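One structure is given below, encoded as structure tokens.
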Amino acid sequence: MGIRDWPAAERPREKLLEQGASALSDAELLAIFLRTGVAGQTAVDLARHLLNDFGGLRALLEADRAAFSRRLGLGPAKFAQLQAVLEMSRRHLAERLRRDPALESPQAVRDYLKARLRHEPHEVFGCLFLDAKHRVLAFEVLFQGTVDGASVYPRQVLKRALAHNAAALILTHNHPSGIAEPSQADFSLTRRLKEALALVDVRVLDHFIVGDGEPLSMAEQGWL
């Protein structure tokens with residue numbers, strides 16, 4: 001039986017329109033994206049199979065083009081569509097972040113950093129550069145490393161802060177392990193960057209660590 005034969009309340013698209021996207025399961029959301037199934041499988045069946053095959057929604061979203069295209073029901077066109085959707089989401093969050101001072105919208109900061117860094121397969125370190133009113137001037141990924149870490153050079157962070165004429169900044173990096181707990185190296189790096197930036201009157205307001213859950217704020221924990 002095809003999805004069209006299901007009761008209206010159970011069809012993913014109708015369910016989304018009636019109850020909102022948050023009411024749908026991962027498989028139902030993916031089924032709407034897929035639009036059609038394959039021989040012997042509805043779009044929902046195919047979505048469940050793909051989620052199981054990849055090991056979950058996050059792994060599917062992080063898959064490269066080669067891994068994506070090897071799966072039945074997917075291909076270059078679907079990969080391109082998915083990348084476009086992800087990029088639109090990131091840009092939407094970036095626009096939202098630029099509307100208000102960063103410290104007045106901490107959830108916007110968290111949402112943006114999650115979208116920007118959570119799916120990175122290797123550790124990356126970046127900065128949100130802020131003006132004197134804590135409005136976002138720019139976000140840059142400054143260093144990229146391995147699964148285990150990234151080398152960060154205070155001189156380069158200082159150089160980019162001066163280039164943006166930033167009055168303050170928010171540090172961030174991801175933990176590909178998914179565990180957003182700071183290491184001793186993270187504490188040491190934060191301290192060194194605070195000291196270096198203080199020499200040119202640039203404040204470090206926070207250091208967010210991005211894992212699988214909500215990004216951890218070192219400032220909120222009293223670690224700054």
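Note that Cβ sites are derived from N, Cα and C of the backbone, with glycine treated the same way.
Taken from Swiss-Prot as is:
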- 102-224: domain 'MPN' (DOMAIN)
- His173, His175, Asp186: Zn(2+) binding site (BINDING)
- 173-186: motif 'JAMM motif' (MOTIF)
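Set side by side, the binding-site residues His173, His175 differ in how many other CB atoms lie within 10 angstroms of their CB, and the most is found at His173. For the domain 'MPN' (102-224), residue counts in helix, strand and coil come to 40 helix, 33 strand, 50 coil, using DSSP. In the predicted model, residues of the domain 'MPN' (102-224) average a pLDDT of 90. Excluding the listed site residues His173, His175, Asp186, the same chain places Glu123, Phe125, Asn174, Ala180, Pro182, Ser183, Ile209, Val210 with Cβ atoms within 8 Å of the centre of the Zn(2+) site Cβ atoms. Counting every protein chain shown, the Cβ of Asp186 (Zn(2+) binding site) has 20 other Cβ atoms within 10 Å.
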